[in-house]
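For reference, the structure is listed below as structure tokens.
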Amino acid sequence: MSAKVNDDLLTERRKCEFNVEELTNYLDGGAQATQNRRKLEDKVLSTKGLFDEVPEEYLSHKEKYENAVRKAVVYYKAMKEAEDPNQTEQERANATYRSLLHAAVFKDNSPFSLHLAMFIPAILGQADEEQKKYWMKRASKMEIIGTYAQTELGHGTFIRGLETTATYDPKTEEFVLHSPTLTAYKWWPGSLAHTANYCVVMAHLYINGKSCGIQPFIVQFRDEETHQPLPGIKLGEIGAKLGFNTVNNGFLGFDQHRIPRNRMLMKNAQVLKDGTFKRSPNSKLTYGTMVYVRVVIVNGMANQLARAVTIAVRYSAVRRQSELKPDAGEPQILDYVTQQHKLFIGIASSHAFTLTAKWLTRMYQKVTADLEKGNLDELPELHAIACCLKAVTTTDTSVLVERSRTSCGGHGYMLSSNLPQIYGLVTAACTYEGENTVLMLQTARSLVKALEQAQSGKRLSPTMSYLSEKVSSRLKWDNSIDGIVKGFRRVAYGKVESAMRSMRKYVRSGLGPEDAWNMSSVQLVAASEYTSISEADIRQLQDTYEDLLGKIRPNAVGLVDAFDFRDQILNSTLGAYDGRVYERLMEEALKSPLNAEPVNQSFHKYLKPFMQGKL
Ligand SMILES: CCCCCCCC/C=C\CCCC(=O)SCCNC(=O)CCNC(=O)[C@H](O)C(C)(C)COP(=O)(O)OP(=O)(O)OC[C@H]1O[C@@H](n2cnc3c(N)ncnc32)[C@H](O)[C@@H]1OP(=O)(O)O
Ligand SMILES: Cc1cc2nc3c(=O)[nH]c(=O)nc-3n(C[C@H](O)[C@H](O)[C@H](O)COP(=O)(O)OP(=O)(O)OC[C@H]3O[C@@H](n4cnc5c(N)ncnc54)[C@H](O)[C@@H]3O)c2cc1C
């Protein structure tokens, strides 16, 4: 018999003014896609051994990792077995695109996440056809587990400053990988410490003493039978972190470690047997895996934000507190306009990020197809837009998830609410795959070039076209949709123009271009933040903001129900569909090992002698 649903939630669901299932179908890409996703979730989540008897927050650092590896193998097998052979690749991708299935199993991400998120994409994007065929067979069957090892102890942002060397030895037709300094150690790659046995290493290639730039190499670093580190390889775990504590981020040092010539991934650049180096058509093609993951991150943010606001909105419908009017009883905290202001922007932003992610994914697929035909024309724009959207969506999501947590008061601070863990996951994305400030400056670099082109009369790409609009500074915009769009474009134009004017002022004062850039960089970052506003996203804005909040209020629970996250995926005492928050908070509290006995041994060992003055 299912538990009784909280009365307030029942009332909220009765007063919803739209068809929740229709919105769920829209978000999934159609009723069939919803059905496929639910079928996949049913199958996988019914697998034995996927869930923790003891909440993982009560395990040690080592136990958490070992438990996560146990679950990862069960989960991966369940996902493989659940695949519907009659589905197309696209249908399969759609079924997982919106699903946060892994979140039901891993509150703090999986030790396999880098294998799927970067190792396989790096092979697909950087290997030549023969290499792709061999390595994809092994990687897709999980015969090997890989990661992506680029960041070093001393360098993360500045890829051209990476110190790991790969020196070609034509006599043996091998590369010698070496970490010349401590700061050259690879540091951060997920799964690197104890899980993976292969990695794609980004290293500085030298041939006959000449630098050939940063190139990708596929490197085995653990024996496939014994899992022992190979000779010349130093490995370890980097330690406890704010989050990602089951991702097994590690360090790796090379000591003159030799690999065969065919282990350099040679889709873009090649090294022939005699050491002849054939350059890539564009050295930045080596950075392609990062562009791909930045695109994936935008969609990931939409889903994680939807999860957090689902928890917070449902809790806000159940929680009653304080007094809005005398003698009227305690209201639902969702009736406070401040609470609506905190949470409804999160619902809207999640939808905006979903639409943006779909648009960006289509752009990525088009540019990638062009690259296969040797057409690199739109690569710079894809890079600039991917940098901007990754930075803006991760920053906004981190702010909005933290706001969801604090809007739930003390219970939002409980790990059993899952809001702290979701925050830990999303805030990491402000740093990984390119720290956000650095990425915004990459976008700024493209904006400045575009404005210079516009001022010399050249045509601009669609996403930069606002820089060529002769927009009168005396523009009067009303609060119609078109007026708001025009307003954003005017502000965005003004910010780029102001940053550029500032740089020219510094150059006229005698500064070099690099120092002028640095002095104007705060303005340049601000100018980039406006690139991601596009007409489609803000067409829904209405005249006045408070009116809009009032219109959304009766539909708030319906809107988050439409995200269609099952309780196992929310993994939250505050966000369950039935709203039994207090019973769930108590159930989870009683799982604490400290509650196994009424008097803890520390009383007799320390407290009692201390209070009796005997310590
Ligand atoms: C909840 C979300 C789930 C998502 C799933 C994720 C799960 C996995 C979890 C964690 C994974 C994390 C993995 C990592 O973090 S991997 C390491 C990531 N590291 C980085 O991103 C490093 C960032 N740094 C850079 O990208 C570069 O150093 C740089 C900042 C771009 C600078 O590069 P460089 O110095 O070489 O170039 P310049 O600035 O001099 O610019 C020269 C021109 O090159 C163009 N450019 C630069 N990069 C690219 C690119 N990627 N593609 C195309 N073009 C590029 C640049 O625009 C300049 O062009 P111009 O014409 O202006 O000269
Ligand atoms: C959870 C997590 C998982 C990760 N997983 C991986 C992985 O699997 N594989 C991998 O290779 N890496 C991984 N990383 C590493 C990540 O890619 C780097 O942390 C990131 O690229 C930033 O580099 P850094 O940490 O060296 O910071 P730095 O590059 O030292 O930057 C430090 C600060 O300096 C500022 N700064 C640096 N350069 C500039 C500039 N040009 N202009 C203005 N400001 C600047 C930045 O804004 C930043 O705030 C992971 C990181 C995290 C947090």
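Here the Cβ of each residue, glycine as well, is placed from N, Cα and C on the backbone.
Curation plays no part in TrEMBL annotations; they are all automatic predictions.
Residues or ranges marked as domain 'Acyl-coenzyme A oxidase N-terminal' in TrEMBL: 19-145. Annotation comment: TrEMBL describes THR151, GLY190 as FAD binding site. Here TrEMBL flags 287-448 as domain 'Acyl-CoA oxidase C-alpha1'. Residues or ranges marked as active site, proton acceptor in TrEMBL: GLU433. Under the heading domain 'Acyl-CoA oxidase C-terminal', TrEMBL lists 530-612.
Structural mapping of features recorded in TrEMBL.
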{"residue": "THR151", "record": "FAD binding site", "contacts (Cβ under 8 Å, 6+ apart)": "LYS186, TRP187, TRP188, PRO189"}
{"residue": "GLY190", "record": "FAD binding site", "contacts (Cβ under 8 Å, 6+ apart)": "ASN109, PRO111, SER113, LEU114, THR147, PHE244, VAL247, ASN248, ASN249"}
{"residue": "GLU433", "record": "active site, proton acceptor", "contacts (Cβ under 8 Å, 6+ apart)": "MET290, VAL293, ARG294, ILE297, LYS390"}
